[in-house]
Amino acid sequence: MALCCFLGFLVFCFWLGLTSCARSPPPTGLCAASVTPQGYKCQEFEVKTQDGYILSMQRIPEGRAGGGGNKQPVLIQHGVMVDGVTWFLNPPDQSLPFILADAGFDVWIANTRGTRYSRRHTTLDPSKSEFWNWTWDELVTSDLPATFDFVFSQTGQKIHYVGHSMGTLIALASFSEGRLVDKLKSAALLSPIAYLSHMTTALGVVAAKAFVGEITTLMGVAEFNPKGEAVGKFLKVLCANPGIDCYDLLGSLTGKNCCLNASTVDLFLKNEPQSTSTKNMVHLAQTVREGVVAKYNYGSADFNMMHYGEASPPIYNLSNIPHNLPLFLSYGGQDALSDPRDVGLLLDSLKLHDGDKLTVQFIKDYAHADFIMGVTAKDIVYTAIVAFFNRQ
């Protein structure tokens, strides 16, 4: 999920002193924790990025009923400050990875650097700041290519992709630079995040203003750890702003989700959120404030020149996404993060896309979390994704 969504969760927890909100289960492995107990086969893999991060990946090679054959691979990518577990919080008949596996797909789950199963590096220590010197730019250049290359090497087939929230942002940025497209069969983007300038939540706006390069509350804290004391203090400061309602746990940040089961939300809070880098949070806030999809802004023309050879960060030109790439976009009318007006800007960037290659689904009552935890997502969204993949 996006920046302000999880700030809402975290603020609520720290404001009320609910330590259970931030308590994660022991890192026993996603397969053992969430997949095999449901009767599905599951394999654990480690994937190394070009910059040395060791990522955990899981594979569900077949449905519960079994069945061999040459299955089409699907890679599923979570958003910010969560991990692959977020796809498995509902029962199997309501969880996208299981639905895809039972529909005959070879399902792969990604876990971004810094999350509980991907806190390793060939030389860097996660307790040191150097480990956390990255933003979603590095997910575009390193994490996503590493996972795509690994799945392709294991299967020899082009890959269907599913992303939610920041998982859509890094995909769109990648496609715009011509990355991954040679190994990509199609992409399904849920609550697509690209432009964020119409985000309406008061807490989200305050957070975006707070996450500037010279923030003092988190100065020197490279890991944005929701369970840490420094982040807790920072969030309480945000809560003190006039007009911020820190007691509205979910709806005020994500929009009014129509279809969440209370027990699923409780399970979510026991498993998430996960760490990310403070630098990544700053980058996401820049996307909110500046209204463009661009690489990380180092704060001065000189520093940007040093990194990019130009005074301003390069833009990800989404109109460069190959016009014949099959895309499925699903967004909600109540989503306060992937606001319909911002999705409109994204669709405008795709206006030259081949008409038969772009499928757009608008769900009037859906907000941000409904797409991954909604009890009706199976019938409304996931069935449409399966049909879309089968048409390719």
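Any Cβ shown, glycine's included, is placed from N, Cα and C.
Heads up, TrEMBL stuff is auto-annotated, nobody curated it.
According to TrEMBL, the protein has these features:
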type: ACT_SITE; residues: Ser165; note: active site, nucleophile
type: ACT_SITE; residues: Asp335; note: active site, charge relay system
type: ACT_SITE; residues: His368; note: active site, charge relay system
type: DOMAIN; residues: 35-90; note: domain 'Partial AB-hydrolase lipase'
type: DOMAIN; residues: 100-372; note: domain 'AB hydrolase-1'
type: SIGNAL; residues: 1-21; note: signal peptide
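The two recorded residues, Asp335 (active site, charge relay system) and His368 (active site, charge relay system), have Cα atoms 5 Å apart.
The two recorded residues His368 (active site, charge relay system) and the residue listed as 'active site, nucleophile' have their Cα atoms spaced 8 Å from each other. Mean model confidence of the domain 'AB hydrolase-1' (100-372) amounts to 85 (pLDDT, 0 to 100 scale). Using a 10 Å radius centred on the Cβ of His368 (active site, charge relay system) and all shown protein chains, the other Cβ atoms total 30. With DSSP states grouped into helix (H, G, I), strand (E, B) and coil, the domain 'Partial AB-hydrolase lipase' (35-90) comes out at 9 helix, 21 strand, 26 coil.
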